[in-house]
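Worksheet: the structure to be examined is printed underneath.
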Amino acid sequence: MIVIGSRFDMAEANSRSPTAVLQNVCDGSPTGVLCVRDASTATSASQPQSDTDAKPYICDECGYRTARKSDLSQHIRTHTGEKAYKCDQCDYSAAHKSDLSRHLTMHTGEKSYMCGECGYRAARKFYLSEHMRIHTGEKPYKCDQCDYSTSRKFSLDQHLVKHTGEKPYSCDQCDYSAARKSTFKQHLAKHAGDKPYMCGECGYRSTLKSTLSRHMKTHTGYKPYRCDQCDYSTAQKANLDRHLAKHTGDKPYMCGDCGYRTAWQSELSRHMRTHTGEKPYKCDQCDYSAAHKANLVSHQAKHTGDKSYMCG
């Protein structure tokens with residue numbers, strides 16, 4: 001029998017067999033890997049190990065094998081659902097210590113990973129890798145139903161709902177449902193009336209941090225999204241997508257009731273209200289409601305006395 005390990009204790013080795021001999025099979029130095037060789041059953045130390053020998057720890061549930069007992073313990077949690085690592089600042093818990101460490105950066109604000117191209121900083125290496133694709137132009141995530149491709153898996157997941165029509169997020173206060181969690185959160189804020197994010201430049205308030213970030217670009221003038229067919233540039237990717245439709249003439253969104261076609265999903269959503277009669281924009285001072293936000297803004301001017309547009 002040959003037992004390979006790192007620096008076996010001499011007493012342990014001697015206890016195995018009266019003929020056990022310690023040998024250095026690494027590089028001849030005292031710090032090398034040691035073997036305990038039973039002279040009565042000696043075999044070649046160079047004999048390759050089987051997978052069973054190399055990975056002696058096995059999961060009884062699924063047959064997963066590993067070389068380390070600690071790895072098996074972590075794996076077992078995928079079956080038990082145990083989440084032993086708990087955040088002391090919120091109710092988050094995780095099965096693995098590394099997941100908790102990543103989570104804690106949300107509280108500390110630490111962003112250790114920086115882009116050498118533009119100075120962007122990220123809390124996780126994964127986020128930096130995604131960001132770098134903006135510079136390289138790499139789009140590894142491709143839709144199998146159309147020619148759409150993107151640099152982020154999250155964006156592909158969002159795109160796919162256009163094909164499936166799935167809207168898993170449902171409001172418990174009205175009959176609204178959404179395909180995207182971010183859109184759903186924006187809707188819920190209309191019920192709550194909460195706008196915690198404020199622009200320090202002009203006082204603009206927003207329900208979402210991401211919306212405020214987009215707004216801030218109106219002050220900085222930063223327009224990273226550029227058209228490759230003309231000199232148009234914009235602060236928001238959605239605006240660039242709408243602009244590109246002018247060049248291609250593509251109108252992929254069609255109304256099933258009347259055949260109306262448009263280049264933008266948001267425009268189709270607005271159009272559909274002419275069929276459904278939905279009027280989601282409601283005045284908070286009277287019972288007026290409108291299908292379009294612009295109509296509500298015009299109506300509210302009657303209450304405020306605002307006369308922004310005056311005949312010259």
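Glycine residues also receive a Cβ, built from the backbone N, Cα and C atoms like all the rest.
What TrEMBL records for 57-84 (among others) is domain 'C2H2-type'. The list of residues near the domain 'C2H2-type' (57-84) in space but at least 6 beyond its ends in sequence, with Cβ under 8 angstroms from a Cβ of it, reads 51, 93-96.
Residues 74, 77-78, 121-124 of the same chain, all 6+ positions outside the domain 'C2H2-type' (85-112), place their C-beta atoms under 8 angstroms from a C-beta of that stretch. Residues annotated as domain 'C2H2-type' in TrEMBL: 85-112 (among others).
If you look up TrEMBL, you'll see 113-140 (among others) marked as domain 'C2H2-type'. Taken together, the residues in the domain 'C2H2-type' (113-140) have a mean pLDDT of 87 on the 0 to 100 scale.
Feature annotation from TrEMBL assigns domain 'C2H2-type' to 141-168 (among others).
Across the domain 'C2H2-type' (169-196), DSSP assigns 12 helix, 4 strand, 12 coil. Annotated domain 'C2H2-type' per TrEMBL: 169-196 (among others), in sequence order.
What TrEMBL records for 197-224 (among others) is domain 'C2H2-type'. Long-range contacts of the domain 'C2H2-type' (197-224) within its own chain (CB-CB distance under 8 A, at least 6 residues past either end) are made by residues 134, 182, 185-186, 189, 233-236.
The domain 'C2H2-type' annotation in TrEMBL covers 225-252 (among others).
With a cut-off of 8 Å between Cβ atoms, the residues of this chain six or more beyond the domain 'C2H2-type' (253-280) that come close are 162, 176, 241-242, 245-246, 289-292. The feature domain 'C2H2-type' is assigned by TrEMBL to 253-280 (among others).
According to TrEMBL, the domain 'C2H2-type' annotation covers 281-308 (among others). Within the same chain, residues 270, 273-274 sit at least 6 positions outside the domain 'C2H2-type' (281-308) and bring their C-beta atoms closer than 8 Å to a C-beta of that stretch.
Tertiary proximity for the domain 'C2H2-type' (113-140) is limited to same-chain residues at least six positions away from its ends with a CB under 8 Å from its CB atoms, namely 102, 105-106, 149-152, 224.
Within the chain, the domain 'C2H2-type' (141-168) has long-range Cβ neighbours (under 8 A, six or more residues past its boundaries) at 130, 133-134, 177-180, 265. Residues 158, 161-162, 205-208, 210-211, 280 of the same chain lie 6 or more positions beyond the ends of the domain 'C2H2-type' (169-196) yet place their CB under 8 Å from a CB of it. Helix, strand and coil counts from DSSP across the domain 'C2H2-type' (113-140) read 12 helix, 4 strand, 12 coil.
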